[in-house]
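What TrEMBL says about this one:
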COMPBIAS  1-16  compositional bias 'Basic and acidic residues'
REGION    1-35  region 'Disordered'
TRANSMEM  68-89  transmembrane segment
TRANSMEM  118-138  transmembrane segment
TRANSMEM  145-167  transmembrane segment
TRANSMEM  173-191  transmembrane segment
TRANSMEM  215-240  transmembrane segment
TRANSMEM  279-299  transmembrane segment
TRANSMEM  319-340  transmembrane segment
TRANSMEM  424-443  transmembrane segment
TRANSMEM  455-475  transmembrane segment
Amino acid sequence: MILSDHEEMQSWRDSHGSYQPVYGPGPTPNYAEQYAPPIQSEYRGGYAEQKSPYENDRFRPKKRLNDPIFLILFIAQLVGMGILAGIVISDYIKKGGLGGGLGEDDSGNNITLNKHTLYLLLLVTGAALLLSTIYLMLARAFTRGIMHITLVLSILLNIGICVYYWIEKYYSGAIVFTIIAVLSMFAYFGYRSRIPLAATLLEVVMDIAKHHPSVYFVAFISLILQAGYSVLYTFTAIGVYEKWTPGNPSCSSGTSCSSAKVTGLIVYATFSYLWTSQVIANVSLATLAGGPFGSWYYFGPREAGMMPRHPTSSAFARASTLSLGSIAFGSLIVTLLELLRLLLNAARNNANADGSPVEACLACCAECIIGCIESAVQYFNRYAYIEIALYGKPYLQAAKDTWRLFADRGVDALVNDSLVSMTLTWGAYAVGLLCSLFAYLYLKYTHPAYNSAGQYTAPVVAFAFFIGAMCTLTLSSAIEAGVSTIFVGLGEDPQVLAARAPILWGLIAKTYPQIFQGIPRV
């Protein structure tokens with residue numbers, strides 16, 4: 001028998017019973033001091049009646065393909081990357097590369113990147129995989145301390161790399177890291193007062209994940225896919241350099257070689273890598289937001305018996321099919337900004353190498369501006385993806401509804417002050433720095449023939465940084481999904497959090513009372 005929406009909602013309320021606080025899975029009693037929020041007295045009759053989880057077709061989106069143009073574009077670029085990789089890798093295997101080996105081996109070709117760099121980037125990918133996993137394990141074991149550790153470690157890494165680059169006279173990198181190190185030191189003192197609330201929020205998310213192993217399953221599957229795609233990108237980038245760089249032996253066999261062709265193909269391969277990496281991470285985010293985290297918020301813990309069966313697989317089916325075009329749309333915007341920032345970084349390095357400090361400074365300023373815009377778009381997109389995961393909306397509608405929801409309820413102030421996303425991003429940044437430092441030291445002490453004058457140091461270090469950062473961001477997107485889902489839930493039904501995680505609710509009510517204004521009383 002098929003029930004109407006009204007009958008189904010009433011049936012859900014009857015079976016759910018009264019709106020009683022549920023303490024597990026959720027924050028354990030020692031998450032924070034018990035706190036009775038000042039607005040509690042306003043709810044003399046208890047909390048407002050809980051809405052049906054299925055309200056407005058939540059968890060039951062319409063079966064329609066959203067943003068199909070961007071889905072087609074995404075598939076097309078993926079096919080193009082596959083064709084390019086097939087051409088250069090097959091040629092690479094056939095010719096055996098341009099020599100070079102693991103460790104201190106200068107026997108390879110001295111014109112362009114050779115097998116030496118291939119081994120280096122494969123080691124970087126393995127290191128990124130290991131460091132990302134360690135970071136997630138530390139975040140689970142030392143949830144409250146990981147914020148202090150990450151922020152302090154990032155500052156120390158910035159200072160250390162800055163000092164090292166000055167000693168090595170790598171001036172473009174030294175100037176950038178000096179600015180970042182100074183800003184990060186000042187920022188830390190402003191962040192400390194916001195750590196307790198963010199730490200409690202992160203603890204709640206970690207506690208939910210302990211009761212839903214699918215969170216870690218999705219996270220590690222995404223990480224493996226990201227690492228695999230990083231390996232493909234590594235082979236493709238090295239193959240492009242070896243096949244089309246002017247002056248290498250391949251050019252004498254009839255291959256049309258030019259620096260413009262190498263630049264164009266590397267830009268395309270990097271664009272494909274960044275876009276696909278973004279999509280992998282965001283599909284993971286939408287899967288977990290529309291699955292275990294969203295179900296926990298709107299249905300209650302699994303033990304309550306109201307959660308749908310297989311929420312994770314259902315959410316993944318939606319995210320990877322009907323909503324994939326919308327996810328690709330949002331990811332494309334960030335990818336274009338990130339690619340522009342990379343091109344400005346390359347322009348800054350070239351200007352610094354040519355002894356043009358004014359041009360290098362202008363490129364650095366433009367790079368910082370684009371980076372700020374990119375961060376803002378990434379922050380906004382995350383919540384749009386959750387609207388997509390819960391309701392199956394197209395990207396533009398989800399983005400517009402997210403902005404209106406946050407502005408009306410005042411959740412934007414909480415989101416802006418939250419350090420969880422910043423901590424995870426700094427963690428990815430730290431892993432990326434470690435990978436790039438490893439690549440730099442490897443080049444310095446192994447002396448590959450193609451880098452005798454240091455002309456390939458910048459691109460190799462950049463490859464290593466993005467491989468490390470992308471792997472960690474992909475893994476940490478599982479945790480961000482939980483935090484962001486709670487924020488969206490606060491915007492839609494803030495009173496629900498009082499039942500799910502009362503201590504977190506109290507901390508938020510104390511600091512951001514505007515979020516709970518206008519909640520009806522019973």
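For all residues, glycine too, the Cβ spot is worked out from N, Cα and C.
What TrEMBL says about a protein is an automatic prediction, not a curated fact.
Source: prediction; values computed, not measured.
Ranked by the number of CB pairs under 8 Å to the transmembrane segment (215-240), the listed stretches 118-138, 145-167, 173-191, 319-340, 424-443 are led by 118-138.
Among the recorded stretches 118-138, 145-167, 173-191, 279-299, 319-340, the one sharing the largest number of Cβ pairs closer than 8 Å with the transmembrane segment (455-475) is 118-138. Of the candidate ranges 118-138, 145-167, 173-191, 279-299, 319-340, 118-138 contributes the most Cβ pairs within a distance under 8 Å of the transmembrane segment (424-443). Packing against the transmembrane segment (118-138) from elsewhere in the chain are residues 97, 100-102, 146, 149, 219-220, 223, 227, 230-231, 234-235, 237-238, 427, 431, 434-435, 438-439, 442-443, 460, 463-464, 467-468, 470-472, 474-476, 479: each is 6 or more residues past its ends and has a CB under 8 Å from a CB in it. Long-range neighbours of the transmembrane segment (173-191) within the same chain, counting only residues 6 or more positions beyond its ends whose Cβ lies under 8 Å from a Cβ of the stretch, are 151-152, 154-155, 158-159, 161-162, 165-166, 364, 419, 422. Two recorded stretches are said to be in contact when at least 3 C-beta pairs lie under 8 angstroms, sequence spacing 6 or more; the transmembrane segment (279-299) and the transmembrane segment (145-167) fall short of this definition.
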